[in-house]
Amino acid sequence: MSDLVITRPDDWHLHLRDGDALATTVPATARLFSRAIVMPNLVPPVTHTAQAEAYRHRILSHVPAGAAFDPLMTLYLTNNTSPEEIVAARQSGIVYGCKLYPAGATTNSDAGVTDVANVFSVLEKMSDMGMPLLIHGEVVQADVDIFDREKRFIDETLTPLTERFPNLKIVLEHITTRDAVEFVNQAGSNVGATITAHHLLYNRNHMLVGGIRPHFYCLPILKRSEHQLALRDAAASGSDRFFLGTDSAPHPKEKKEAACGCAGCFTAPSALELYAEAFDELGALDKLEGFASLHGPTFYGLPINSGKVRLSKQEWTMPASMALGDSSIVPFRAGETIRWKAELL
């Protein structure tokens, strides 16, 4: 198959950053995606509904003329988040989830939750109100190997959490392991997961063999090929428990190409095309529309988009760099061939 038309997709996990960066990040996503769940890990983090509303307005001010893009906002859970804030967020009509970052797990997560028990009253309110909990599922103890942190989180935190709150809607974000796939498959229908394009296409060998590739470095980190294969099987299975979430996470070039570089891959400029590449490799292009356009809205209880996108097997070259405020950014697969081309119909 060299040409297909799918329902316009959504991105259920996206970092847009703030300030001048929005001039680059917002158009990159609004090019093809109708909606996106916007991560709240700014500095300072988006912890209150009023902050989410202000951030949403800043994002909308950078949507290109004629484009239709709806940012779906989230709140950053802290030890001090109150059940009352959850009520306000739900009633706002613009907040669609709350993000649980174990403190120190990833970029700008220092204000995160230090012990999930600290937010049990908040999770109870979220469960009652149907507000999804979005989880970065890694433990943060220094003595736990970085490649084992997702499995340990599932065993030590997520499993007891789902037992305590059996009706809480949970998205285990950017899953990277066979363990996560098995957990989601065995959990109730209130548990789903997002999968990134880079975790479908690559494993840790691609990042480390023959030289360190800093633009492949992300958190959760790329894993062994056996875990990559499990993710590919899950995405191509047609299960509505798995859906598209790019985790596109931009950082300036100097913060990636450094002695201690930041985690995150800026995949937004070619995100849908990269997913098409992965599904094409799997012989599962017929499953792409469900994964990219149908499963996410169904999980969140939102309408399916009415627009369409055409994907054609047409090669093009990703630019070597792009402007990012006063700096520049190296997009994922910079200077390399992208095998599919997408356009909004």
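Cβ from N, Cα, C; glycine included.
The Zn(2+) 1 binding site feature in Swiss-Prot is assigned to His13, His15, Lys99, Asp247. A 10 Å cutoff on Cβ-Cβ distances gives His15 (Zn(2+) 1 binding site) a total of 23 other Cβ atoms nearby, all chains included.
As annotated by Swiss-Prot, substrate binding site applies to His15, Leu16, Arg17, Asn41, His136, Leu219, His251, Ala263, with the evidence given as sequence analysis. Taking Cβ-Cβ distances under 8 Å and a sequence separation of 6 or more, the neighbours of Leu219 (substrate binding site) in its chain are Ala105, Thr106, Thr107, His136, Glu138, Ala263, Gly264.
Counting only residues at least six positions away in the same chain, the Cβ atoms of His13, His136, Thr194, Ile195, Thr196, His199, Pro220, Gly245, Asp247 sit under 8 Å from the Cβ of His174 (Zn(2+) 2 binding site). The DSSP secondary structure for His174 (Zn(2+) 2 binding site) is coil. Swiss-Prot lists Lys99, His136, His174 with the feature Zn(2+) 2 binding site.
Within 10 Å of the C-beta atom of Lys99 (Zn(2+) 1 binding site) sit 26 other C-beta atoms, taking all shown protein chains into account. What Swiss-Prot lists as N6-carboxylysine is Lys99, and the listing cites sequence analysis.
When secondary structure is read from DSSP and collapsed to three states, Asp247 (Zn(2+) 1 binding site) falls in the coil class. What Swiss-Prot lists as active site is Asp247, and the listing cites sequence analysis.
Apart from the site residues Lys99, His136, His174, the chain places the Cβ of His13, Met39, Leu100, Tyr101, Thr106, Leu134, Ile135, Gly137, Glu173, Asp247 no farther than 8 Å from the centroid of the site's Cβ atoms, the recorded Zn(2+) 2 location. Of all the binding-site residues listed here (His13, His136), it is His136 whose C-beta has the fewest other C-beta atoms within 10 angstroms.
The most densely surrounded of the binding-site residues Arg17, His251, judged by C-beta neighbours within 10 angstroms, is His251. Residues His13, His15, Lys99, Asp247 make up the record's Zn(2+) 1 site, and a Cβ search at 8 Å around their centroid adds Leu14, Ile37, Met39, Asn41, Leu134, His136, Glu173, His174, Gly245, Ala249 from the same chain.
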